[in-house]
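Below: the structure, in C-alpha cells.
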C-alpha cells in the first residue's frame with residue numbers, strides 16, 4: 001500500500017477508507033474474515049476484496065451502504081487516529097504552497113505527532129525529495145513510524161526519536177541516499193512544537209547553505225508567536241510574517257424561483273377561499289336555526305364526541321410553490337436557481353502560522369563570525 005501510487009482493485013491487506021458521511025470516515029485494513037460494523041449496517045471484508053476503489057458497497061443484509069475510498073493525505077487527515085492535535089488541510093495546503101514545497105524538496109519537520117502533515121509532505125516531495133521528521137514522545141514515535149512504513153512512505157522519509165529543543169537536529173546515521181553534502185541540508189523547516197524558539201538556534205547546521213530556506217512555526221497562542229519572532233530575528237531570519245487561515249466551506253443549493261405575480265394570485269386565491277368559508281358557515285347557521293334537541297342528547301353528544309381530526313395541508317387551491325407538500329429540491333415541476341451559502345458551523349481558530357526566510361549570505365556571515 002503506497003500513498004505515492006494509485007490502484008483500482010482492492011486486495012487483502014490494503015488500506016481502505018470507509019466513507020460513511022462527510023464527517024465520518026473510518027480507516028480499515030482489509031482482512032479476510034473481518035467485518036466492519038456500523039449503524040448503517042455490517043460490511044464484510046471478504047466482499048471488499050476484488051471491488052474497485054470508489055465503489056459503493058451495500059450492507060451484508062442489503063441494509064445501508066458505504067463508499068470504499070483510496071487513501072490520500074487529505075482523506076487520511078480527517079480519518080486518522082488522533083494522538084495529538086493535527087494540522088488540517090486548510091493550513092497544510094497553505095504552508096506547502098507558501099514555502100514552495102515541490103518534488104525534490106528536502107523538508108525538516110519537528111513534531112511528527114499523529115503524522116497528518118508528514119503524509120502531506122511525503123506525498124508532495126515525491127520519491128526524489130526527502131523528509132526528516134522528529135518526535136520526542138517515544139510511544140507516538142513508534143506508532144507514527146509503523147504508520148509511515150505501512151503506507152509506503154519510508155522510501156523518502158526518516159523519522160527520528162529526538163528532543164530537538166535540547167539535542168538539536170543532527171542525525172549521525174543518515175542513510176547514504178538521504179544525504180546531501182554529507183548532511184541533512186534542508187530547504188524547508190516546519191516546527192510544530194510547544195516552544196519553537198528553543199529549537200530555532202539549532203537549525204543552522206542542518207539547513208541548506210546554497211539556497212534560500214523557508215520556515216513555518218505552528219503556534220496556537222499569540223504569546224508563543226511573540227517569543228518565536230524574537231528568536232527568528234536573533235538568528236538572522238528575515239521577512240517574518242504571521243498569518244491565520246480561516247477555512248469556510250461554501251455549500252451549493254437550489255432555491256425555488258417565485259414570481260411576484262404568482263404570489264399575488266395565490267394571496268387572492270387564499271382570500272377568496274376564506275370568504276367562501278365564511279359565507280358557507282353563515283348559510284349553515286341560517287339552515288340550523290329552529291333545530292331543537294333534548295338536553296340529554298346534547299350532553300351525550302358532548303361526552304362521546306371524538307377529538308377533532310388534524311388534516312394535513314394538501315396545498316389546495318392555486319399553489320404554484322408546493323406549499324404544504326413535500327417538494328424535493330430540484331423537482332422539475334418547479335423553477336429553480338443555483339445559490340450558495342456558508343456552512344452553518346464555521347470552524348474557529350486552529351493556530352497561528354509564522355513564516356520567515358534565511359538567505360545564504362546571512363548564514364555564511366554568521367558562520368564566519
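Think of each number as a place in line: the chain as shown, counted from 1.
Any Cβ shown, glycine's included, is placed from N, Cα and C.
Here is what Swiss-Prot says about this protein:
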type	residues	note
BINDING	114, 115, 116, 135, 140, 163, 164, 192	S-adenosyl-L-methionine binding site
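Non-local neighbourhood of residue 192 (S-adenosyl-L-methionine binding site): 87, 109, 110, 111, 113, 117, 218, each in the same chain, at least six residues away, with C-beta under 8 Å from its C-beta. It is 163, among the binding-site residues 135, 163, whose Cβ has the fewest other Cβ atoms within 10 Å in the structure shown.
Take the binding-site residues 114, 116: by the count of other Cβ atoms within 10 Å of each Cβ, the lowest one is 114. As a whole number, the greatest separation of Cα atoms within the S-adenosyl-L-methionine-binding residue list 114, 115, 116, 135, 140, 163, 164, 192 is 19 Å.
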